[in-house]
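Peer 1: So that we are looking at the same thing, I have put the structure below in structure tokens.
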Amino acid sequence: MLEINAPVDPTKMGVGKGIAVLTSGGDAQGMNAAVRATVRVGIYTGAKVYFVHEGYQGLVDGGDNIRQATWESVSMMLQLGGTVIGSARCQDFRSKEGRAKAACNLVKLGITNLCVIGGDGSLTGANEFRNEWSDNHYQSEAKCSSHLNIVGMVGSIDNDFCGTDMTIGTDSALHRIMEVVDAITTTAQSHQRAFILEVMGRHCGYLALVTALACGADWVFIPEMPPDEGWEDHLCRRLTYQRSIGNRLNVIIVAEGALDRHGKPITCDIIKNLVTKKLGFDTRATILGHVQRGGTPSAFDRILGSRMGVEAVMALLEATPDTPACVVSLSGNMAVRLPLMECVQVTKEVTKAMAEGRFEEAVKLRGKSFENNWNTYKLLAHVTAPDMKSNINIAIMNVGAPCAGMNAAVRSAVRIGILQGHSMLAVHDGFDGLAHGTIEPMTWGYVGGWTGKGGSNLGTKRSLPASMIEEISLNIAKYNIHALVIIGGFEAFVGGLELVTAREKYEELCIPLVVIPATVSNNIPGSDFSIGADTALNTITTTCDRIKQSAAGTKRRVFIIETMGGYCGYLATMAGLAAGADAAYIYEERVGIHDLETNVEHLLEKMKTTVKRGLILRNEKCNANYTTDFIFNLYSEEGKGVFDCRKNVLGHMQQGGTPTPFDRNFGTKMGAKAVLWLTEKLKECYRHGRIFANTPDSACVLGMKKRAMIFQPLSDLKEDTDSEHRIPKTQWWLKLRPILKILAKYKISLDTSETATMEHVIKKRGTV
């Protein structure tokens, strides 16, 4: 979305324009969310939107394959995997005649805007189509269609497209893979087995790499980085060592396109034969195949598809004949527009770098996120603990409510610490444990298998340290603790601040400390995301899917669902986007009686359409007077004779469950980064044979901001905190609220002033 000087009415932007949407190439979960958002936002802007069924084949064949879409025709699509409008590999579109036919079909219907959801092949084809559009036989039908606007969204489970952090479908594919890995792990543990798992990714090792990080695999084979010569011996040594320290299970992940340094494939069978013959281990191989493409899209993919769909429509309607064809993608948590052909070029350069043996460069070209994953994997996997000890003791604790992913963060922090030569100490039950001395050393094996476990294995409490500072300082001295990792929610943040304040009085507290945000509420200042929020979001979304199914079966039923989050409306808003809610009430956006009235009227209107169900989410502390019971009673009263109501309080199930791939991966990276940072800080703070840290930058929150993981001093973040309501004063996700309302058919204004400008990929090659 470009900078616009005169205010533009977004509901008039598309008047008189035609937009077609198609899905092409391999299917990916989340494509339907993107189609739904494109259709609804297109209709919202006044444009006519058309489905193109069966991908480019439907574009060439025309006729009934190109049909006008309505608001209702995309209802109940959000939670479906695959693509409802169909996809097909198309030979006809590869020829100029085929493309001319396709152009003719579009011109007849007055369509000059095309939204393509597919992989790089599909998007390259779209660009070629656009370049040929101005040929005479393309525009003989109508003068007004002198150019075609094209916007792409990348739908591919492999995450193999350069320029975007995540492609639509990748996160869901990881969910499928982790479900299988967790299931295999339990059976393998029973028998002391080695498991080899082949995942998809012919040219890209993203799925294999993240899976390896998320399940703590012993080894991963990816196309971008073939193993060194003699890997067979190295692998066998590693597996033997794992068994010798008491691990009953070995896991090896292989990308289907894995190669050795000579370009020969490394297959499951090759590894299985090697391990069986050389080590005599009981070995099993599983090839996951198309399971990875299937199933329900994750909450992340639904939100990603929805956000990309909105951005794609805006990009199409703002395009001029000179605007290059673009891809809308995600960088950090920001929607960006990138020139399509630049992304394709960099994607091809990765393949070229791999073919020419420039593997380090291939990893860099894949992007920052891929490179970070690879570096974290290398840190944790192919190393043995040093003989030299650093004489440093680092304590780790969980504070606040438990959440999924805490254990993954503890595990990687402990292991990275051991690899640095430090002694790692477990503090049980939060600050209480620090005060009462429930502290014990942690070994490498102590945290084995923790990545996939939900909750908090260390135990966690909400108590704050201020009332027991004396005891805490004594124990820090007694156990000779040189640095502290605090993993937890808002109490972890406040507790960290209290320790910093007490430094003036207690010299023992002058040690570096880092707070890692981990809470389902996602309400920690200094970070856009907290460990645990993604798992909670998926739990809520799955529950909403079931409830919607029930409401669709009963007809004329409205469900009111209460979510967690304290005063933070993140879960209610994001779950509303992911589940297709009609409204989400949150504390940050005051709800008044007029809003409730508008929502009820909106639902009364909705019941006249073919979509006879409603879903309302309410954040637990959005309003002290408008309780869940109050809203339920109000809706029941006003809906009499038209719809009936049900209510559901989701409660603590949102904190539980096994962590999602995102939370495992995020926790692993955060834990590793925190300990490496502390190691550097300890060197800085070492004076005259002892540690002394009392500067603001020696006590930080490690957070994810926009595109990077950064350390910010706790004292600096105090300014941005609403302490009474335990939320940051600025929250990025509030900007997504209008999308939720537009997709639920409210006539509100979408702010088009702060929009994504076109960025370049080629220029920032060094940082791609």
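Cβ coordinates are placed from backbone N, Cα and C, and glycine is handled just like the others.
Residues annotated as region 'N-terminal catalytic PFK domain 1' in TrEMBL: 1-382. Residues or ranges marked as domain 'Phosphofructokinase' by TrEMBL: 19-315, 393-677. Positions annotated as ATP binding site by TrEMBL: GLY26, ARG89, CYS90, GLY119, ASP120, GLY121, SER122. As annotated by TrEMBL, Mg(2+) binding site applies to ASP120. The annotation substrate binding site is assigned in TrEMBL to SER156, ILE157, ASP158, ARG193, MET200, GLY201, ARG202, GLU256, ARG284, HIS290, VAL291, GLN292, ARG293. The active site, proton acceptor feature in TrEMBL is assigned to ASP158. If you look up TrEMBL, you'll see 393-768 marked as region 'C-terminal regulatory PFK domain 2'. TrEMBL lists ARG462, 519-523, ARG557, 564-566, GLU620, ARG646, 652-655, ARG726 with the feature beta-D-fructose 2,6-bisphosphate binding site.
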Peer 1: Quick check: which same-chain residues outside GLY26, ARG89, CYS90, GLY119, ASP120, GLY121, SER122 lie with their CB within 8 A of the centre of the ATP site CB atoms?
Peer 2: SER24, GLY25, GLY118, GLY125
Peer 1: Using C-alpha atoms only, work out the spacing between CYS90 (ATP binding site) and SER156 (substrate binding site) and round it to an integer in Å.
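Peer 2: Rounded to the nearest whole number, the Cα-Cα distance is 17 Å.
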Peer 1: Return the count of C-beta atoms lying within 10 angstroms of the C-beta of CYS90 (ATP binding site), excluding that atom itself.
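Peer 2: I count 21 other Cβ atoms within 10 Å of it.
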Peer 1: Just name the most isolated of the binding-site residues ASP120, ASP158, going by other Cβ atoms within 10 Å of its Cβ.
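Peer 2: Selected from the binding-site residues ASP120, ASP158 on minimum Cβ neighbours within 10 Å: ASP120.
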Peer 1: So how many other Cβ atoms are close to ARG89 (ATP binding site), meaning within 10 Å of its Cβ?
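Peer 2: Other Cβ atoms within 10 Å of ARG89 (ATP binding site): 14.
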Peer 1: Using all protein chains in view, find how many other C-beta atoms are within 10 Å of the C-beta of MET200 (substrate binding site).
Peer 2: 23
Peer 1: Least buried of the binding-site residues GLY119, GLY121, going by other Cβ atoms within 10 Å?
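Peer 2: Output over binding-site residues GLY119, GLY121: least Cβ neighbours within 10 Å is GLY121.
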Peer 1: Taking the Cβ of SER122 (ATP binding site) as the centre, how many other Cβ atoms fall within a 10 Å radius?
Peer 2: 25
Peer 1: Enumerate same-chain residues with a sequence separation of six or more from ARG202 (substrate binding site) and a Cβ-Cβ distance below 8 A; give 'none' if the list is empty.
Peer 2: ASP158, PRO223, ALA255, GLU256, GLY257
Peer 1: Around the Cβ of SER521 (beta-D-fructose 2,6-bisphosphate binding site), how many other Cβ atoms lie within 10 Å? Please give the count over every shown protein chain.
Peer 2: 30
Peer 1: Based on Cβ atoms within 10 Å, give me the single least packed residue among the binding-site residues SER156, GLN655.
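Peer 2: With the binding-site residues SER156, GLN655, fewest surrounding Cβ atoms within 10 Å: GLN655.
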